[in-house]
Every structure is written in C-alpha cells, then in structure tokens.
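Let me begin by presenting the structure, written as structure tokens, before commenting on it.
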Number of protein chains: 2
Amino acid sequence: MSKDTRISMAVVRRLPKYHRYLGELLRNDIDRISSKELSDRIGFTASQIRQDLNCFGDFGQQGYGYNVKELHNEISKILGLDKQYNTIIIGAGNIGQAVANYSSFEKYGFHLKAIFDKNPKLVGIKIRDIEIQDVDELSSYLDNNKVDIAIICVPRLHAQSVADILVSKGIKGIWNFAPTDLQVPDDVIIENVHLSESLMTLSYRLNERNLFED
Amino acid sequence: MSKDTRISMAVVRRLPKYHRYLGELLRNDIDRISSKELSDRIGFTASQIRQDLNCFGDFGQQGYGYNVKELHNEISKILGLDKQYNTIIIGAGNIGQAVANYSSFEKYGFHLKAIFDKNPKLVGIKIRDIEIQDVDELSSYLDNNKVDIAIICVPRLHAQSVADILVSKGIKGIWNFAPTDLQVPDDVIIENVHLSESLMTLSYRLNERNLFED
DNA sequence: TAGATTGTTAATCGATTAACAATC
DNA sequence: TAGATTGTTAATCGATTAACAATC
C-alpha cells in the first residue's frame, strides 16, 4: 500500500474527502470511476487526484479508471480505518458530551472507553453507558488500560496539564478541542479542532467580500 | 486597514491564531512585541509574520516592533470581530446543543438568536433561554428576522435541503457541521467543520509514523 | 485494434523564507 | 547616533496543473 517519500499534509487532508466520496459512490452502486468523473464530483482537478493517489500505489488501470470498492478499501487502510482505537474523553462539558454522544465514530473503529471530568456533579452520570469518572483517576486509568487516542475537551487553562499527564503515560494521539496550542514531544501527534478560529475565518470572509453590512 | 490584492486562504487561516496569541500577550500585560519574539511563541517564521501582517497595513515600527494592543485591535477589525452577528442553529442534536451552549462566541460578537429542530421532543425546550422551534418555522423566521450566519447541525442527508432554504432567504454565511459538501451559489460563504475528517487525519498520522501498533 | 485513461515527468503557479535597505 | 527591527524585494521551496507516453 505504500510508496516512499514523505506525504505532505496537503495530500493527507484530502484523503478523508476521497474516502467520503468513494463511500457515497459505493452506496449508489457505482463500481468504477475515472479521475475525470471523480474530479467533477469532488472538485479537485483530475490531475491532482491521480497525483494524490499515486503517492500510495497504482490503484487505477489505464483505459478503465479506478474500481470504487477497491479504492475505497485502500484509502480506508491508508487512513488506518482498518484498525481499532481505544479513545477516552477528558472534559464532559458541552463539547465533550457532544463528542461522546457522536456514536458514528464507532463505525470507523474509534471506541470510546472512558470519560473524565472534575465536576462532582457530572461524575457518576452515564453517557452511552459510560460512567463519567473523576479526572483524578485519569492517571491510574491510563496505567491499567490501553488508550490510543485521548480527546481533550477541558477549558483552555486546564488543557496543558491534562496533556502533560497523557504524555507522561505514553499517549501518542491527542484530539484537542481546547482553544490553545499544546506543548508535547515530537512523537506525540496533535490534531486540533479550533472552533473559534473556524468561526473567525467565516466572519473574515463575509466581510472581505462586503457581503456583510451592518 | 487594507492594502489591495487578494489575500490567500493560507494567510486568512493564520489570522485567528495571531488574534489569539496577541490576546494572550495582552492578558500578560506585554505591550510590545517584535516579529522575532512572536515567532518564538507562535511557531511561524518572523519573515512570514511580517509578510502576513503587511497584507493589511503597516502596523509595525522599525526598531520597535509591534504595539500589542494596537495590533490585536487591528486584527480584530480585519476578522470582522468589531461587528455584531445574528446567528441561528438548525439541528439541536449533540453538536447543535454543544454549539448553542458555547456562550464564549458571544464575546466575539456572535449572538445566538434562534434554534430549530424537527424532533417534537426537542421543540419547546430552552437552551440558554432560547426556545427550540420547529424547523418548519425556519422560512418564516428568516422572513422576519435578520440573520447573518446560519449554523447547520442537522444529519448529513438533511443538510442540503436546509442549505437550500437558507440560500433562498438570502443567508450569506453558513457554518456547516454536517459531514457533506453543500452546493450553494458563489456569493454564499461556507465554512466547514468536518469532525470525522479531522479524526481520520489523526489516525493517518498515528499509523504513518508507526506510532500505532495493534 | 482503437479509445480511454492512467502514471509520471515537466511546467507553472503560489507560498514561504532569506536578505537587506529604509527608518524609527 | 547606533542598534534594532520593520517593510519589501528577490530567491527558494513546494504544491498544483498540464502534457503525454505507456498500456489496458
């Protein structure tokens, strides 16, 4: 499934979109597609699609195009969706609860195993059959359970100290919803979801085109 | 506050981060900063920082650097955070409720005015003093109220039809949390938050570096 | 075989970084 | 004034697009 040379983040961030569009083609019982047709749907150029896919292998066939099922499957593997991940959520406020309830991540192999919060009013409450634990138990939980991805949903000022605990226990993947940039060693991967940055980008663009006049 | 020539999205997506770091400097009573010092904190090169800021004006001073308060204020204006926006949420499920409860958007000028859902069990419930309305009332609400930004939090299959209503009523800004790409006219701005794409990028990177072995 | 479409190289475009004169 | 640091131009780097030979 692999060629060499480092894959750029620009390419990586397009992969989930390929995965999504191919999944949709599958649901519509379309079993082959050319880079040109895919381009028309997904909005990347055909040339870019072929370049992107060729980073990972020769999935197409001249004169034919790509087999949808096969390509979807390959991209799943490239994204690591053929594996299972144990996840935990730290912070059971608005965002934490929303993510906890987002059960559709399960189908991609992400299994929520535990939820932590420091608010005594939340500790003990169950979300999707998982009882919220006191965050003081986070360390000992990590000593006794394999966790692949930790999801940080605590307020900004607590995020770094939570990250420090996670790192000290060997967690290598952090999905960070706190509006701050976490300091972690190089071998720990952070994926940020900065909602206010996204919203600010939207307001910038509204004003830029003079679409917004008060 | 402006120079000419179109600003690239690469620059635009860095602006909220400048805003955030400058806000932090302000809170720490630091009143001037050089591009070099800011570079050390924010992680962009000093050269890039100067280039970015110069897209919008000459905010610095040779030999001195930048005045933190002034620059923060300028970037606020550039991002349109000096204005007020009426927002509505369509879809009061997990994500919709989480965003509705996220009151910190208010301080940037984003005011939640209405929430819609089609589930009769949710209609009538109040979130932050706002009563969830039946989505059938969306059209007439838009006829009678000025809305600047609509936040789509409905399931994938309903997202496009909601977007169609919004567009037909003249909404120009959509913050889309549904895992799909919406079709809208060129003058409507869409900002997507695709959580599963973000999570898949994380799992890709975990596997890429062989940090994840099952 | 002829037509279609890939994989891949080369050309272009855009974004980042380096360098330095201008100037506070 | 001398030192610091900007604004801005030029150089480099990387990503996208175009082109086309290879081949199914």
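Going from the start of the chain as shown, residues are counted 1 onward.
Cβ coordinates are placed from backbone N, Cα and C, and glycine is handled just like the others.
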| request: Among A:17-56, A:57-96, find the range that TrEMBL records as DNA-binding region. | output: A:17-56
| query | Does DSSP put A:Asn94 (NAD(+) binding site) in a helix, in a strand, or in coil? | reply | helix
| task | Could you tally the C-beta atoms, other than its own, that fall within 10 angstroms of the C-beta of A:Ala92 (NAD(+) binding site)? | result | 25
| note | Looking at the binding-site residues A:Gly91, A:Gly93, A:Gly96, the one with the fewest other Cβ atoms inside 10 Å is A:Gly93
| Which chain-mates of A:Ile95 (NAD(+) binding site) that are at least 6 residues away have a CB under 8 A from its CB, listed by sequence? | A:Cys153, A:Phe177
